[in-house]
Structure formats: C-alpha cells, structure tokens
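What TrEMBL says about this protein:
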- 2-113: domain 'PLAT' (DOMAIN)
- GLY15, GLY17, ASP74, ALA75: Ca(2+) 1 binding site (BINDING)
- ASP39, ASN40: Ca(2+) 2 binding site (BINDING)
- TRP98: site 'Essential for stabilizing binding to COTL1' (SITE)
- 113-665: domain 'Lipoxygenase' (DOMAIN)
- HIS362, HIS367, HIS542, ILE665: Fe cation binding site (BINDING)
Amino acid sequence: MADFRVRVSTGRAFGAGTWDKVSVSIVGTQEESPPLPLDNLGKEFTAGAEEDFQVTLPKDVGQVAALLGPLAPDAWFCRWFQLTPPRGGPLLFPCYQWLEGAGSLVLQEGTAKVSRADHHPLLQQQRQEELQARQEMYQWKAYNPGWPHCLDKRTVKDLDLNIKYSTAKNANFYLQAGSAFAEMKIKGLLDRKGLWRSLNEMKRIFNFRKTPAAEHAFEHWQEDAFFASQFLNGLNPVLIRRCHYLPKNFPVTDAMVASVLGPGTSLQAELEKGSLFLVDHGILSGIHTNVINGKPQFSAAPMTLLYQSPGCGPLLPLAIQLSQSPGPHSPIFLPTDDKWDWLLAKTWVRNAEFSFHEALTHLLHSHLLPEVFTLATLRQLPHCHPLFKLLIPHTRYTLHINMLARELLIVPGQVVDRSTGIGIEGFSELIQRNMKQLNYSLLCLPEDIRTRGVEDIPGYYYRDDGMQIWGAVERFVSEIIGIYYPNDESVQDDRELQAWVREIFSKGFLNQGSSGIPSSLETREALVQYVTMVIFNCSAKHAAVSAGQFDACAWMPNLPPSMQLPPPTSKGLATREGFIATLPPVNATCDVILALWLLSKEPGDRRPLGTYPDEHFTEEAPRRSIAAFQSHLAQISGAIQERNRGLVLPYTYLDPPLIENSVSI
C-alpha cells in the first residue's frame with residue numbers, strides 16, 4: 001500500500017470545468033495501478049481550480065513513469081497533474097489539453113525526452129500509442145493538385161476542441177465580421193456592381209475603420225517614393241532584389257532614365273554601384289483571370305526597375321514594363337510620361353502585388369506551409385518530446401483559421417472567387433507554379449536577404465526588425481536544442497525528429513529534392529536552423545505579411561484586387577475616366593476590403609511571440625531560456641518603438657508584442 005497526493009489544475013477558459021468524475025491510473029516501470037477516483041466532498045474541477053486528492057495504491061508499481069487518465073464525456077480542460085509519492089519530490093505531468101470522449105490519455109512525467117533506443121520498453125510503447133492515436137485523428141489530404149497537403153476535415157465543426165478557436169475568440173471573430181458586413185450593407189455598397197463614379201466617391205468606403213497607415217497611403221499613393229517604399233515595408237516586402245544586370249526582356253536605355261539618374265552617370269555605372277533594384281512579377285505571366293459580375297478581368301506580369309538615390313535619398317521607380325515580352329505593344333513606362341499613363345502603370349504593378357501577395361506570400365508561405373508544420377508536429381512528436389513542447393505554442397489555432405479559409409475564402413462563391421482578378425483558378429495556378437520554384441533559402445530570412453542582395457538598402461525595416469527577431473528565435477532555439485541534444489549523433493538517432501522532418505518534406509514540399517528543403521537532419525546546427533525557420537514563419541513572417549493588409553488596401557487604388565480593362569499597349573491614351581474604369585467595381589472593392597480588414601485584426605485571445613502560459617517545459621534550464629528569450633524580445637521591441645518615434649510612417653508589424661505566436665487569423 002502506498003499513499004500518493006494528486007494535485008490537479010483546471011483551465012480558466014469558459015467551459016473549462018467538468019461535472020464528470022475523474023480517475024487516474026499510475027503507470028510504473030513494473031505495472032499499472034487500477035483507476036484511482038479523484039473525489040472530494042462537493043464539486044470538483046471547476047474552471048480555474050487547483051485541487052488536492054489523496055489516493056492509495058494497493059501495491060507498488062515501481063518507478064512512476066506516466067499517468068493514465070480517462071477522457072471526460074463532458075469536455076474538461078486540464079492544465080496539469082502533480083503527483084507526490086510517499087518518498088521523493090513531486091512529479092509534474094503537463095497536459096494543457098481538452099479531454100473529451102471515451103478512451104484514455106497517457107501523460108508522461110514532464111521532463112522532456114527525445115526518442116532513444118534505450119528508453120524503457122513501457123515508455124516507448126506509450127509514445128507509440130500516443131502517436132498512433134494522433135495520426136488517426138489528424139490525417140492528411142491533397143486539397144488541390146500541386147499544393148501542400150492539409151488536414152483531412154470538411155468543416156470547422158469537424159475539428160476537435162484542442163485545435164478549435166476558444167469560445168471567446170470564435171465569438172469575437174463572428175461579431176467583428178457581422179458588424180463590418182452590416183456597416184457595408186447599410187451603405188449599399190456590397191450590392192452595387194457598377195463602376196465607381198469618381199475617386200472622390202471612393203472616399204465613402206475609405207472612411208470604413210481607417211488606420212493611420214491607411215491615411216498615409218491615401219495621402220501619398222500617387223507619389224513615386226511611397227510607391228517604391230511599399231516594396232520594402234508594405235504587405236509584400238519579399239520580392240525586391242538587387243539588379244546586377246538588366247534582363248534582356250526589359251530593354252531600358254540611358255535616355256529613358258536620364259531625368260531620374262541625373263547627369264554624369266548611366267545605367268551601367270549604377271548597376272556596378274549596386275544602386276538599381278528589380279521587382280519582377282513574371283510568375284503572373286499568362287495566369288488565368290476571373291469573371292466578376294459577368295465581366296472578364298485582366299492581369300499583367302510587370303517588371304519594375306528601381307533606383308536607390310545617393311546618400312539617404314528615397315528609393316524611386318525608374319521604369320515599368322507591364323509584360324514579360326518587350327515590343328511595340330509593350331511600352332516601357334517612365335516617370336516623365338503623362339501623369340495618367342505613369343499612374344496607371346504603377347497601379348498595374350500594385351494589382352500584381354495584390355495577386356502575388358495574396359496567393360503566394362500570404363496563403364502559400366504563411367498559411368499552407370505553417371499548416372504542414374502544425375500537422376507534422378501533432379502527428380510525429382509525442383507530448384513529452386522537447387520539440388513538441390517548443391513548437392506547440394506556435395501551432396495554436398492554425399488548423400482552425402486554415403479550415404475557415406477553405407470554407408469562406410478559397411471556395412466557389414466566396415470572396416476570392418467573386419471579387420479578385422485571378423480568382424480561385426488563378427490562385428491555384430500560381431501556387432502550383434511557385435511550389436516548383438520554392439526553396440529553403442526563401443524560408444530562412446538571413447539567406448533570403450543575402451540571396452536577394454538587399455543587405456544594405458536603407459530604410460528596409462522588414463529586414464532590420466525581421467533579422468533581429470530571427471536572431472532572438474535562433475538563440476532561444478539553440479539553447480533548447482543544446483539542453484536535449486548533446487551532439488550531432490543524438491540528432492541523427494532521434495527517430496521521432498527524423499519522422500517529423502521527413503513528413504514535412506513529403507507532405508509539404510511534395511518530395512521535391514530541388515527545393516533544398518531537408519528530408520533529414522544530421523547536425524545540431526541544421527536542427528537549430530530548421531526549427532528557427534518553422535517558428536519564424538509561423539509567427540513573425542506571418543505578422544509581417546498579414547497585419548498590414550487592410551492598411552494597404554483601405555484606399556483601393558493603392559492595392560486594387562482586380563482590373564477591368566486590359567493593360568495599356570501604348571502611351572498617351574490614359575485619362576482619369578479610363579483609370580477609374582480600369583479599377584474593380586464597387587461590390588468587389590468592398591468585398592475584398594471587408595475580408596482584409598477582418599484578416600488584419602486578431603479577434604482577441606492573443607498570445608504574443610514568446611508568451612507561453614502553458615508551461616510544457618518543467619525543468620529549470622528551458623525555463624531560464626524562455627525568460628531570456630522574453631527579455632531579448634522586450635529589448636527588440638524597445639528599440640523598434642524608439643526608432644518609430646522618428647518615422648513619418650512607423651513600421652510596427654514586427655514589434656514583438658504585436659506578433660502572434662502562431663498563424664491564428
């Protein structure tokens with residue numbers, strides 16, 4: 001006979017408590033105890049409660065290895081169990097899960113453990129059984145050919161409580177959506193299929209919940225410096241690259257750009273100095289286009305040449321070609337052209353930015369790939385694995401928001417289908433094309449910056465802040481890896497880790513060896529980079545390319561989701577009336593603005609980067625690393641806020657308190 005004290009902590013969220021009776025079995029290295037009721041006088045397991053119970057084991061089970069708890073028919077959120085044996089200190093069993101339904105849950109003692117061949121057979125069996133259960137619950141499916149695979153569920157209603165929005169977050173999401181929709185509906189804008197009457201009329205919709213950044217875009221959208229600055233710090237800051245030679249299909253001449261470059265220099269001289277940059281939307285060439293309100297839409301695949309002025313001068317556009325094929329019907333537009341010719345050319349580039357960003361930078365890179373990381377983590381890493389403990393906060397709500405996207409955004413009849421210029425088919429085609437080009441360096445910010453040659457372009461706050469955050473995450477990850485992996489061999493021998501990497505490679509990157517995405521990891525250094533990449537893309541990268549969507553599109557001419565007339569094939573014909581006729585119709589404009597407002601606004605229940613209220617790690621060493629990480633992020637935030645005080649347009653998207661731990665909106 002042995003008496004144990006069991007302390008149980010119930011979550012604080014709405015509905016976290018349970019009326020059910022709870023029993024646990026203590027699993028030891030020798031055998032498993034019978035179910036031991038946790039029962040005191042009165043009501044147990046109310047939300048926020050921490051309660052003590054005394055249980056007696058009929059006989060010795062050996063060294064305690066795990067707790068076996070029955071799931072509650074009435075859903076219960078358990079934070080942790082603490083077990084104090086007759087001799088020795090307390091043992092903590094982190095849970096942080098909703099427990100619901102028939103069956104049982106195995107919780108191993110909280111010390112993180114990598115997969116090793118010399119584990120006790122009972123522990124190995126428990127890990128395998130846990131993973132088998134999760135693999136049955138979370139299965140893969142191919143959503144579209146050539147896309148990363150995703151969770152095999154039909155609707156949000158099919159998701160289990162552990163991956164659903166909390167009650168509060170879900171309610172806020174639909175309240176925000178409902179109030180915004182009602183406001184648009186009352187104004188009569190969602191049902192108007194015709195053209196805008198004037199730019200002045202567009203101000204009616206611009207007053208819809210505008211932000212300081214949106215005000216800045218409205219005031220400066222026609223200016224060349226602001227147009228160029230959005231390639232650095234706008235919603236798609238990942239495409240600009242240093243131009244070392246002019247593409248053969250972009251025949252810009254010295255005479256064309258002399259007015260911007262000034263006397264005493266040339267294109268060749270500026271190329272050699274490294275002051276020219278290129279933004280190439282060539283992936284859009286020949287893409288499928290949509291039909292909106294019964295009217296065919298149009299797309300372009302522009303190339304934009306930019307010039308970094310000497311000293312601290314602004315980045316400026318030099319030339320724009322709206323197709324990948326030069327010739328008499330594809331003129332090169334210049335800042336010296338007629339005002340409406342030049343403005344229309346820049347607006348076509350902004351439309352290309354919308355299509356590229358929404359389909360690739362945002363949907364593919366910042367939603368579909370994080371879903372792959374999330375699913376592989378749930379399927380291949382047991383609860384007690386240090387990488388599970390490290391990564392699980394960065395997967396919170398990702399499956400829910402992506403499921404919502406497949407219900408409400410990227411399906412027939414919804415906003416991408418009814419209101420964007422390339423529609424669902426164009427989105428799918430872009431993703432298929434980009435999946436064949438995707439490479440590991442694109443996902444690793446330091447390598448991406450080096451590859452694009454933009455290490456020293458001034459005023460590139462996405463790069464500056466992103467590199468600081470990458471460095472903080474990398475240092476944190478390196479410390480955690482150092483605690484649990486003493487050498488490279490321990491990385492190679494961790495079968496669960498290798499299965500996780502292999503599944504990401506096969507299901508996310510479709511076994512494309514040319515991508516450079518690892519299918520296995522051999523060293524601690526490679527593991528640190530890989531895990532840093534996962535955390536960064538699930539948090540900071542998503543914040544950088546998602547939070548500014550409404551800021552960029554609230555004044556629609558700055559980021560038109562569609563174009564109703566074809567790209568101009570000659571100069572001198574653009575007018576104010578033709579410009580307005582090219583822009584999307586009223587209902588499509590408002591439909592997209594409404595969606596992007598909703599997707600730019602986190603609906604409560606936030607957990608900023610580095611915030612880990614669920615204490616999966618129980619040892620002192622990783623807890624010290626977490627505290628150091630949080631302190632490092634606070635220092636970064638202070639520096640960003642100090643810099644922003646001196647900027648006309650503050651760059652806030654990568655301020656750590658504003659970055660969510662995970663892709664959750």
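Quick reminder: no glycine exception, Cβ is built from N, Cα and C everywhere.
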Legend entry - ASP74 (Ca(2+) 1 binding site) and HIS542 (Fe cation binding site), Cα-Cα, nearest whole angstrom: 35
Legend entry - Fewest other C-beta atoms within 10 angstroms, as judged across ALA75, ILE665, which are the binding-site residues: ALA75
Legend entry - Within the predicted model, mean pLDDT of the domain 'PLAT' (2-113): 88
Legend entry - From ASP39, HIS362, HIS367, ILE665: binding-site residues whose CA lies within 10 A of TRP98 (site 'Essential for stabilizing binding to COTL1'): none
Inset, instruction - Please work out the helix, strand and coil residue numbers for the domain 'PLAT' (2-113) from the DSSP assignment. - result: 0 helix, 58 strand, 54 coil
Inset, instruction - Could you measure between GLY17 (Ca(2+) 1 binding site) and HIS367 (Fe cation binding site) for me? Cα positions, answer in whole angstrom. - result: 32
Inset, instruction - Name, in the order they occur in the sequence, the residues of the same chain whose CB lies under 8 A from the CB of ASP39 (Ca(2+) 2 binding site) and which sit 6 or more residues away. - result: LYS21, PHE53
Legend entry - For the Fe cation site built from HIS362, HIS367, HIS542, ILE665, further residues of that chain with CB within 8 A of the site's CB center: LEU363, SER366, PRO370, ILE401, VAL545, SER546, LEU599, VAL663
Legend entry - Neighbourhood of ASN40 (Ca(2+) 2 binding site), C-beta criterion under 8 angstroms, separation at least six: GLU51, PHE53
